[in-house]
Amino acid sequence: MQPGLGRGGRRRAESLVRRVLGLAGLRPSDRLGQHFIIDDRAVGEFLKPITRAAEGGLREALEIGPGAGSITLPAAGVLDRIVAVELDRRLASALSTLAPPSVAVVVGDGLKYAAVSRAPLVYSNTPFNLSPAIVEALASNNRVSAAVLGVQYEVARRMVARPGSRDYSRLSVLVSLVFEAELTGVVKPQAYYPRPQVLTAVVVVRRLRRWRSLYSVAMELAGCAFTQRNKKASKVLRRCLEAAGCTPPRWLETLGDARVWMLEPWDFVRLAEACRG
Ligand SMILES: C[S@@+](CC[C@H](N)C(=O)[O-])C[C@H]1O[C@@H](n2cnc3c(N)ncnc32)[C@H](O)[C@@H]1O
């Protein structure tokens, strides 16, 4: 038994993780964000929204970072087809010996797959350092209708934040431009082997609007503006627009004393439109 995996076989996820890590001869890597779910209730936090999505007709999925398969194998029971992309070759090879035929375990960078996948559903208990990049890739891939994502709790708060709140950020703007997002559950560190330092939140996103090329410019401007979130928006935006080679529109002055953290997501789209002329 791996150190820290707990006693007895009362958890299905726990015995699966033990088996796959044994097969792979692997010690979890911090660099790859390898924390594996060993608690069946935590698996349920992902499986419930995945099942709802499947019942709603999203029956093919991309999984990013299946690890030891704690979510993959139960999800295979409710989905018709899963492509599970894992960066760690040893894990992928061990998991593929246990996965049913409806699951294709692929070695690769899940981030690249997120941007081009044709599957309508994506799920991932994400490597935390990649979460915002995964959200960004999914937003720009119009084929993805919904995603179930485990992210660091603070990132989840930023994903669902509205203008005016402390957590409102570039990521909030991105999510609200294309998705409806809901924080549906929380997974504690003790549900993992090894334990991470942070809480995981499960966030379900559903596409509201198609990604438009204009949003890339809007997000560039939002990224620039949120480096000075407490400053006067008109001043900061003027500087950001000029840096992007755009002429600031006259209506910037109507923002008055509003600060960057008060801007609505659509303000950035209007600016991008003005930028395109
Ligand atoms: C937090 S663990 C989650 C593992 C499993 N899904 C679970 O919930 O128990 C993240 C997994 O993503 C894998 N990973 C890290 N970077 C990746 C990348 N760029 N593409 C695909 N998988 C990646 C890690 O090897 C690890 O298996």
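Even glycines carry a Cβ here, placed using N, Cα and C.
The domain 'Ribosomal RNA adenine methylase transferase N-terminal' feature in TrEMBL is assigned to 16-209.
Per TrEMBL, the feature S-adenosyl-L-methionine binding site maps to His35, Ile37, Gly65, Glu86, Asp109, Asn125. Asp109 (S-adenosyl-L-methionine binding site) carries neither a helix nor a strand DSSP state and counts as coil. Long-range C-beta contacts of Asp109 (S-adenosyl-L-methionine binding site), restricted to its own chain and to partners at least six residues apart, with a cutoff below 8 Å, comprise Val85, Leu87.
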